[in-house]
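The transmembrane segment annotation in TrEMBL covers 58-82, 102-118, 139-162, 182-202, 214-233, 239-261, 288-313, 319-336. Among the features that TrEMBL reports, domain 'CBS' is placed at 408-464, 479-547.
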Amino acid sequence: MSKVKGAFRPFLKAVAASFTLGTGNSLGPEGPSVEIGSSIAKGFGNAFEWEDGKKLSLVAAGSAAGIASGFNAAVAGCFFAVESVLWPSSVDTSSLSNATPMVILSSVIASVVSEIGLGSDPAFTVPEYDFRSPTELPLYLLLGVFCGLVSITLSRCTVLTIQTVESLQKATGLPKAVSPALGGLIVGLLALIYPEVLYWGFENVDILLESRPFTSGLSAAVLVQLIGVKVLATSLCRAFGLVGGYYAPSLFIGAATGMAYGKIMRFTFTGPEPLLHIPFLDVASPQAYGLVGMAATLAGVCKVPLTSVLLLFELTQDYRIVLPLLGAVGLSSWIVSPQRFSRSNMGKLDSLEVKTSAFKQAKNVPSQSQQAASMDTAEPMTELCKLESSLCVYDLHEKENLTVAEAMKTKYISVSMTTPVVEALNLMLVEKQPFVMITDSKRSLVGLLTLKGIQDFCKTANTTWAQTDEPMVSHVCGATKCKIRSVTPQMPLTTAEKIMNSHRVDQLPVVSEHVDNENRGLLAGFVDREGIAIARRAVATKGFLSFTTEIRREER
């Protein structure tokens, strides 16, 4: 039944998204489109039992098709697949030889089919705009800063709203099936005052950009109000369980931010009575700032800067917009990076379900410090995937129930901080392992010393330790060089793999659930990428044999 449900999930999601967007709720179609494409790709990969590399290429192709058809922009679709699927993946790049042509062909075919079915018009009407002079570039950079702040506001508001709604559901016993209707009711009430926040395709974006004929422009004050209301409406839709993406709302908010900013700058520097008169500064039309604001906000919210730049460039087909675009998008992405739910932090969990499963599988409740570390690890990727789940389709093992205990190795080499480095190297040579575990007298984990760490130490040996008879492990490690994050046997295997990706290591120490007063667990073994791959293949083969055995029994 789980496989049957998985097969129908993309189609059910399409129906749910159609109801959500058809009734005007403040979300967009591109996110579900990406998820539908990637889900179908995963289905094909599972049906043909392809390895991770081929399956990942298919998922990337499906994601590219979703964006290419949604925006009628094939080039942006290709870059989206690279940014959101291929780059974050931990799959060996040598197995992705056919990924690029698959992604390109998928984007092209999706765009062609979209043009046949929906016409060749772009997603939104590009208004007439102009760029006056290079002296405007600082204004576009400042716009990038504002778009970054708006992106953080939307992200944080969404997370806060989700937490509030979850608390409300627990306190009142509100069924989850009722939540979408309640969310739609609240958004509808907001739309009585601000109807522009509803989803009308991209017609409301055209209104903001004043790209339609006979459209009266909105004042900067109204645009600022729309930014706040749209942030609230979009957060409510996501929190109450309505189905849709964040790409269209991000573009709307970015257009409103850019238009408001452009009108304020125009009034400040080039109005009839400018507040500041700078002779060499000639401010362009607000529409130019609106277009750049759309890309900068999309990059800040969804963490796809290259896709954002290529999308706007592909729609405008104007080289003049590239320099302001790159500056604003780059600054927006940089502004959100400390807060970002970054895919460079792949060790951070991508959903609360992972934390929940880890809790359920644990025999004992972890200590408060362990829980704090888990929360610190989980928060960024959790928030990104809650914000836009189509950005998390790269996890090819999201459904597996394997734990670290099923892949860990219990035979390991351990040394102390006072062990000579030469002895540690001899142990590595005997066991053919490029690392040793560092423990104290109680067998508690202190750190992990790698062969590369010793090599780096040798390059700077004259300045890092006093000349004694021979260097010790403590000389190599210093204060924190050998510190490494550890995992526990009950932790989901996917979580351990993501921690490896975030720290760019191939192995992690495994400590028991029991910790001493210094918060260092007793060393139980280690888990590495080879063990993870073997465990997955063994479990998959075991499941296949069980299935075929059961079929033969039924035939008898």
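Keep in mind that glycine also has a Cβ here, set from the backbone N, Cα and C atoms.
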Could you tell me what the rest of the chain brings near the transmembrane segment (102-118), counting residues at least six beyond its ends with Cβ under 8 Å?
37, 57-58, 60-62, 64-70, 72-75, 77-78, 81-82, 86
Compare 58-82, 182-202, 239-261, 319-336 by their Cβ pairs under 8 Å to the transmembrane segment (139-162) and return the stretch that comes out on top.
319-336
Between 58-82, 182-202, 319-336, who has the most Cβ pairs under 8 Å to the transmembrane segment (239-261)?
182-202
Going along the chain, which residues at least six beyond the ends of the transmembrane segment (182-202) come within the CB cut-off of under 8 Å?
21, 23-28, 123-125, 174, 208, 225-226, 229-230, 232-233, 236-237, 239-242, 244, 248, 251-252
